[in-house]
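A.B. asks: TrEMBL feature annotations, pasted as is:
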BINDING   131, 145, 146, 147, 148, 149, 172, 185, 223  Fe-coproporphyrin III binding site
ACT_SITE  145  active site
């Protein structure tokens, strides 16, 4: 008997996304004279300000800096841009800053905002526009993690008929909808672009909402049977004053 034909759902893409996580080389940084640290910090803040200036341009993208908790990283910058080549330039721009010698790479992720059309395209263009080309939300906390759909001998997401995958994603979406007011979720696709298949970035005003949402999602079959998760990174929005306090202690 022939295996049933498996249909790949159509996807629509929007902004290209770079998550750039850095660790500060504290011993070397502290060894610098105060004047040198101030000069390097000023250059970094100028670069970050230039990155964020695109928010006033329609479909120009956005950028946001975060302080990161735990020893995985100290700082993170997230960039949304309409052209992937712009992300190459932004990555190079940070490396050209003098402080880059003290910002060691901790983790990075390259992906593109993606909508899977399991239920067909939205009939409201303004909804599609808002989901494909969002601004980075003005919420205090950020959670990022990469994930895959399982391809095991018993549970293989990619072998499921489209109708079964569609029903599972509807159930998955219902769980997420419960937290729509507390958590803004942006899904990015990365098949063929990075080591995982998707990136998930959550934004909320308190990290407890990340825990509640992810915990409940784990009981949903789309996650419990078919999802594999990578490392979690939690950040808090970092203003120029926050970055100054972190790097100069004032």
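Using the three backbone atoms N, Cα and C, a Cβ is placed for every residue, glycine included.
If you look at the structure here, what lies around each of the features I listed?
C.D. replies: A 10 Å cutoff on Cβ-Cβ distances gives residue 148 (Fe-coproporphyrin III binding site) a total of 17 other Cβ atoms nearby, all chains included.
Long-range Cβ neighbours of residue 145 (active site) (same chain, at least 6 residues apart, Cβ-Cβ under 8 Å): 199, 200, 229, 230, 231, 232, 233.
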A.B. asks: So if I measure Cβ to Cβ from residue 146 (Fe-coproporphyrin III binding site) and keep only same-chain residues at least 6 apart in sequence, which ones fall under 8 Å?
C.D. replies: 109, 190, 194, 195, 196, 197, 198, 199, 200, 229, 230, 231
A.B. asks: Which residues does residue 223 (Fe-coproporphyrin III binding site) neighbour through Cβ under 8 Å, counting only same-chain ones at least six apart?
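C.D. replies: Residue 223 (Fe-coproporphyrin III binding site) has long-range Cβ partners 172, 217.
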A.B. asks: Hey, does DSSP put residue 172 (Fe-coproporphyrin III binding site) in a helix, a strand, or just coil?
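C.D. replies: DSSP assigns residue 172 (Fe-coproporphyrin III binding site) to helix.
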A.B. asks: Name, in the order they occur in the sequence, the residues of the same chain whose CB lies under 8 A from the CB of residue 131 (Fe-coproporphyrin III binding site) and which sit 6 or more residues away.
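C.D. replies: In sequence order, the residues whose Cβ lies under 8 Å from that of residue 131 (Fe-coproporphyrin III binding site) (at least 6 apart) are 14, 113, 115.
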A.B. asks: Take the Cβ of residue 172 (Fe-coproporphyrin III binding site) and count every other Cβ within 10 Å, whichever protein chain it belongs to.
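C.D. replies: Other Cβ atoms within 10 Å of residue 172 (Fe-coproporphyrin III binding site): 18.
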